[in-house]
Each structure stands twice: as C-alpha cells, then as structure tokens.
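Enquirer: One structure coming up, written as structure tokens, with questions to follow.
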Amino acid sequence: MAKLYYEKDCNLEVLKGKKVAIIGYGSQGHAHALNLKNSGVDVVVGLYEGSKSWERAEAEGLKVAVASDAAAEADVVVILVNDEKQVQVYEESIKPNLTAGKYLMFAHGFNIHYGQIVPSEDVNVFMVAPKGPGHTVRSQYQEGKGVPCLVSVYQDATGNTMDVALAYAAGIGGARAGVLKTTFKEETETDLFGEQAVLCGGVTELMKVGFEVLVEAGYEPESAYFECVHEMKLIIDMVVEGGLGNMRQSISDTAEYGDYSVGKRIITDETKKEMKKVLHEVQDGTFARNWILENKANRPAFTARRRMEQSHQVEVVGKELRDMMSWSKQSKK
C-alpha cells in the first residue's frame, strides 16, 4: 500500500528562510505561486523577457524576474513550463544557476524519467504533482481545501529533500487532501498511459465513434451529441463522487443492465491487448521518442491532426449546442 501524507506529516517551516522560484506562470505556475505566497513562502516568478504573464503576476502581488535571475536567487527552483519547453529553459536559464545543494522540482516526471534533463548529482531533485488542473489547485486552496498530490524524491544530495517536498505540497494545499508517495517512473508511466488509453485518447474516440454511429444511422446530430458526449460529465461526476457503484446506484436499472450486458462487447479482450501494447510503448520509451522527434520537427503531424479533429462534426454540433445553452453562456461571462 502506497504511503499517504497529510498536514500533520508536513512541516511548512522547512520552506521558511528559503526562496522558491516558480519558472512559468501558466495554469499550474499561477496556482503554485499564489498558494505558496498565501502560505507565507518567499516566492519569485521566473519568466522570459516580454512575457504576457509578467504584468499579470505583478498585479497579483508577486515578485517577477527573468527566469535565469529567479533561478540564481532561489533555493528551490520549480520548473512549470510545458514538458516540450523544459529542456531549453533548463539548459539556458536554470542549469547555469543550479549550484550544489539547491532543489529542483517538477510537477511531472517526463523529462527526468526519459533522460532529457540530467541534473548534477549534488542537486536535490523532487516532484510534487497535483492531480488536478491549476485553476482547481487554486480554487480548492482558497476554499480551505486542497487537491491530492503525488510526491517523489529522485535525488537527495542534502538528506532532507522529502521534508522540502512535503513542505511544498503543504504550501500549495495538497496535504489537506493527501499526498501519495510514488516514483518518477511510476508517475510518468501511469500518467501517460492514463491520458492515452483512457482519459483522453480512449474517451474521446469512444464519444466520437458513438456519435458517428448514431448520425450514420439517421439520428439527429444534436441527439447523438447529448447522448454520447454531453452526458459523459454527468456520469463521471457520479464516479468521482462515490465510485462505479455510486454511479450504478444513481442511474436507472435499464441503464445499469445495459452497462453489464454491453460494456464487455465494446471494451473487448482485444482492446485490453492493445492497451497493454500502449503501456509497453510508454515503458520502453517509444512514445517519448516519437513525441520528442515530433517537437524537433516543429510538430507537422500533431498540427495536422489537431486541425482535422477540430473540424469533426462532433465539434461543430457541440459548439452550436453550447452556444444555445443558458448555463454555457453564463460560464463564459
């Protein structure tokens, strides 16, 4: 059973007297910086010259500096730019200023696990990975709650890296909900597999193909969208709230019977075999190599596929329906 830590296991005082540099001010960077600041931690945000986020961060009461300067003055350097941009930012702005005994933190293990970033052995390396988007990390903190986090130590040069990691997790509110001990390998491989086979790749194809089957059979696209896409959130919310059993208890008996009798016909043994292949490609680095090469080639296949998916009928119909819904209009205000 994996070890769980809560606020009682974390000492926020460990970060007092240390300066934390948050490199990047996107979804996670924004949340981490503000939560740490509100927790009494000395924070500086590191950005590139001319960043659109510079004024925003300053307006929210944060000190901002060029990334290299932020890394130079900090004891803990937190790299929260996108995975594909991390190597360049690390090499140009962080590595020259990462002296012995400093701490380097990641929120995802990709570049460490796949050897794209290799810190010196005299640097502490750890991960705190909130299991939720940045806006949720921030809103939950403001409500006195928190988003669960994963924590791992990759290098412990000074012998107290886990203490610093747990203090950081507490500082962003994660220890209120629970901090699960893991490894860089486990976090990276399970995260990538979950995204590809279930949460993103699996679910989007399931919704899209379900929509296509109904439309090709002559049903109205709007009805197909509601049944195969829109209602997904309603089902997932029930699962998140109380598990699969809670969802099945909440739906009709007819729906539950259909779940049991048809589910295995859709997700077959062949599907499971393919999912195992996907996992193997994550484990042996095939996916990572392909993604790294795609980025080095300026993303031709990725960009083409993104454009194609955006023009799919399910997206066109979905936008039209959302524009008609009062709750959707309200959420955009």
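Even glycines carry a Cβ here, placed using N, Cα and C.
Swiss-Prot feature annotations, pasted as is:
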type	residues	note
ACT_SITE	H108	active site
BINDING	Y25, G26, S27, Q28, S51, S53, D83, E84, K85, Q86, G134	NADP(+) binding site
BINDING	D191, E227, E231	Mg(2+) 2 binding site
BINDING	D191, E195	Mg(2+) 1 binding site
BINDING	S252	substrate binding site
DOMAIN	2-182	domain 'KARI N-terminal Rossmann'
DOMAIN	183-328	domain 'KARI C-terminal knotted'
Enquirer: Would you kindly give the Cα-Cα distance separating Y25 (NADP(+) binding site) and E227 (Mg(2+) 2 binding site), rounded to the nearest Å?
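Expert: The Cα atom of E227 (Mg(2+) 2 binding site) is 37 Å away from the Cα atom of Y25 (NADP(+) binding site).
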Enquirer: Would you mind ranking the binding-site residues S51, S252 by how many other Cβ atoms sit within 10 Å of each Cβ and giving me the lowest?
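Expert: Counting other Cβ atoms within 10 Å of each of the binding-site residues S51, S252, the minimum falls on S252.
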Enquirer: Could you list the residues of the same chain, at least six apart in sequence, whose Cβ is under 8 A from the Cβ of Y25 (NADP(+) binding site)?
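Expert: Listed in sequence order: A33, V45, L47, S51, S53, R56, A57.
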Enquirer: What's the most sparsely packed of the recorded positions K85, H108, counting other C-beta atoms within 10 A?
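Expert: Lowest Cβ count within 10 Å among the recorded positions (K85, H108) is K85.
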Enquirer: Please give me the binding-site residues out of S27, D83, D191, E231 that lie within 10 Å of the residue listed as 'active site', comparing Cα atoms only.
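Expert: Within 10 Å of the residue listed as 'active site': D83, D191.
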Enquirer: Can you tell me the CA-to-CA distance separating D191 (Mg(2+) 2 binding site) and S252 (substrate binding site), as a whole number of Å?
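Expert: The separation of the Cα atoms works out to 33 Å.
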Enquirer: Which Cβ among the binding-site residues (D83, D191, E227, E231) has the fewest C-beta neighbours inside 10 Å?
Expert: E231
Enquirer: Could you give me the DSSP helix, strand and coil counts for the domain 'KARI C-terminal knotted' (183-328)?
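Expert: The counts are 127 helix, 0 strand, 19 coil.
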Enquirer: Cβ distance under 8 Å to G134 (NADP(+) binding site), same chain, sequence separation 6 or more: which residues?
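Expert: Looking at Cβ-Cβ distances below 8 Å from G134 (NADP(+) binding site), excluding near sequence neighbours, one finds G26, S27, Q28, G29, H30, A31, H32.
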